[in-house]
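Trainee: Please find one structure pasted underneath; my questions will follow.
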Amino acid sequence: METTTTERRRLFATEKVGGRAVYRLQAATVAAGILLVLYYRATRVPAAGEGRAAWLGMAAAELWFAVYWVITQSVRWCPVRRRTFKNRLAERYKENLPGVDVFVCTADPHAEPPSLVISTILSVMAYNYPSEKISVYLSDDGGSILTFYALWEASMFAKKWLPFCRRYNIEPRSPAAYFSESEGHHNLCSPKEWSFIKNLYEEMRERIDSAVMSGKIPEEIKLKHKGFDEWNSEMTSKNHQPIVQVLIDGKSQNAVDDDGNVLPTLVYMAREKSPQYHHNFKAGALNALIRVSALISDSPVILNVDCDMYSNNSDSIRDALCFFLDEEMSHKIGFVQYPQNYNNMTKNNIYGNSLNVINHVEMRGLDSAGGCLYIGTGCFHRREILCGKKFSKDYKEDWGRGIKERGHENIDEIEEKAKSLATCTYELRTQWGNEIGVKYGCPVEDVITGLAIHCRGWESVYMEPQRAAFVGVAPATLAQTILQHKRWSEGNFTIFLSKHNTFLFGHGKISLQLQMGYCIYGLWAANSLPTIYYVMIPALGLVKGTPLFPEIMSPWATPFIYVFCVKTLYSLYEALLSGDTLKGWWNGQRMWMVKRITSYLYGFIDTIRKLLGLSKMSFEITAKVSDGDEAKRYEQEILEFGSSSPEYVIIATVALLNFVCLVAGLSKIMAGVWNVFLPQVILCGLIVITNIPIYEAMFVRKDKGRIPLPVTLASIGFVMLAFLLPIV
């Protein structure tokens, strides 16, 4: 009876994912196979001059892969899923719910179009939640009048958009997504009203896009809000004063929509920029938002989303609050993380950007270990915890405080005070970026911030509702994909090599399982070297006549074949279970190799250079736009190259090397030594089959997205040089 009462009282449930017994059995057999492979390598080292160096290199690579495989088991041993009970939340708290501050960050109106940004803004303004308890803040690190103008347009359109969303309970509540997805008109909405709202949105978007194209705001528009006076001709994106403008004051009697309902507070912020001061990229923007929002609204819950990650589920706030307000477990939950989902994925995931396995498998496994990663978007934080509060068993959150009371100050005075919190010098000689707020000094400020929260004793939960909470834009070209994964791998490897290494920083503070889970991503960059070795040296061994695997008829070939086949089949199973197609999984295998020999390699090299003081940390924005031809090829699932990038030279060199070596290997097999070299021929052949689109881009395609001739010629030259390398 007591169990039933407890279940009725709980606001969320935690369920173990099934099938673990079968998984653990196959993992045990794979582990046995790996040990046999390593034993074979250690006991069959050839004599000097007979390929010993190559053999030892293969042994080192396989030892690394074995260690990394063990680390990946940490998130697969006992994953969990979460389920919330929003009806219980509504029954218990009615409308006595905490305020929520929503942070949206943008940095460049050309890489991140303002029309895309405001669709995200409008989607988070339209949550199924009391509007007077929502405050939305846009941080514009580019300090662009174009972005401010777009936000002003959004503040006008919101007066009609929010009632429309509320009236028909539409999903999603991003106008760009809604009007692109809906066929004709909404079932509950008259065609006339649907067309009216759609036309208003299209006209607004055209005005914004025209302003961005021309780089100018019409003079008559500038007269409609005092905020436009903040800009002058001398301002640049890297040198401007702080700007804080409240476009909708949720406490004003005039802040109502067309139905007379209160509108959410809407604030524009561009923190001060000066060449004399380091601005700490997105982490600095988030910390400035924490301070400015504390003055204006001071809500106990903070949600941060990227400018291209619109709200796709209007109940996401209520789902998150089921964790924060649960009487039994909420006292130890620091943040609630939702997965990253994308709306522009091709059917077969050409660039492997869906993150399906990470979302459906690995993050659930991290959740079971005490906390999923903070991934920088789609995350609800408790303000106090984000600002450095340590865990204590008697911690009690004051959810009763609402939107901050203003006293006798008017909005102009508050804006002026807020500007002082967004200056370059405010953080000097303070703990901001260290013990307070989002951490500095790392390209993945989100991951290291989440780690610090975990090490202060807090847990986090991973919430994956049936309807995706947030949906964004994935990289739509190979160059964008390589750049994004370079930044991720570099940032995580920087953490691994720093004092925040999870085995050191987290020792005694978080579980060993969670320490290992963080290292899955911390060691992405380090995977580059053994992968490059494995995709090149066995192929060269075919040409040089150096066998690097046991003979195919030898019993020792069995563990190699078994480990490879079982790991491959389980990888396929995970991908299909997570929603990928068979071809999508195959594309993912290609991108697994491409990212390791380009993104992760560059991330590894850049991290080492920074540690040696040879370069400084930078932050490159992944562009959210591509031209018409690129978009068309993306829809047709054709790989995009088009430039003479060094990364493409690496990709083409590996592909050509394996093709030439495969031909040489087949000739050896035909000469009667198939038993000795067949394993290397199979490995080489698999790499060649994986790289078929690369050969097409080099020798068959004529479009602008093909591999340029200089890249092909350079790769041929590097292949010829590779044949000169001794395999000793």
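Backbone N, Cα and C define each Cβ position, glycine as well.
TrEMBL lists these features:
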type     : residues       : note
TRANSMEM : 21-41          : transmembrane segment
TRANSMEM : 53-71          : transmembrane segment
BINDING  : GLU112, ASP141 : UDP-alpha-D-glucose binding site
ACT_SITE : ASP141         : active site
BINDING  : LYS282, ASP306 : Mn(2+) binding site
ACT_SITE : ASP446         : active site
TRANSMEM : 518-536        : transmembrane segment
TRANSMEM : 556-573        : transmembrane segment
TRANSMEM : 648-671        : transmembrane segment
TRANSMEM : 677-695        : transmembrane segment
TRANSMEM : 707-727        : transmembrane segment
Trainee: Round to the nearest Å and give the CA-to-CA distance linking LYS282 (Mn(2+) binding site) with GLU112 (UDP-alpha-D-glucose binding site).
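Mentor: The separation of the Cα atoms works out to 14 Å.
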Trainee: Need a quick answer: max count of Cβ pairs under 8 Å to the transmembrane segment (21-41), which of 53-71, 518-536, 648-671, 677-695, 707-727 is it?
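Mentor: The stretch with the most contacts is 53-71.
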Trainee: Round to the nearest Å and give the CA-to-CA distance linking GLU112 (UDP-alpha-D-glucose binding site) with ASP446 (active site).
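Mentor: With distance taken Cα to Cα, ASP446 (active site) is 20 Å from GLU112 (UDP-alpha-D-glucose binding site).
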Trainee: Hey, which of 648-671, 677-695, 707-727 has the most Cβ-Cβ pairs under 8 Å against the transmembrane segment (518-536)?
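Mentor: Most Cβ pairs under 8 Å with the transmembrane segment (518-536) come from 648-671.
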Trainee: If you measure ASP306 (Mn(2+) binding site) to ASP141 (UDP-alpha-D-glucose binding site) at Cα, how many Å is it?
Mentor: 13
Trainee: Just the number: how many Å between the Cα atoms of ASP141 (UDP-alpha-D-glucose binding site) and ASP446 (active site)?
Mentor: 17
Trainee: Count the Cβ atoms, other than its own, that fall within 10 Å of the Cβ of ASP141 (UDP-alpha-D-glucose binding site), considering every protein chain shown.
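Mentor: ASP141 (UDP-alpha-D-glucose binding site): 24 neighbouring Cβ atoms within 10 Å.
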Trainee: Can you tell me how many other Cβ atoms are located within 10 Å of the Cβ belonging to ASP306 (Mn(2+) binding site)?
Mentor: 24
Trainee: Counting only residues 6+ apart in the same chain, whose Cβ is under 8 Å from the Cβ of ASP446 (active site)?
Mentor: LEU373, TYR374, ILE375, GLY376, THR377, CYS379, VAL438
Trainee: Let me know how many other Cβ atoms fall within 10 Å of the Cβ of LYS282 (Mn(2+) binding site).
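Mentor: The Cβ of LYS282 (Mn(2+) binding site) has 23 Cβ neighbours within 10 Å.
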Trainee: When a 10 Å sphere is centred on the Cβ of GLU112 (UDP-alpha-D-glucose binding site), how many other Cβ atoms does it contain?
Mentor: 24
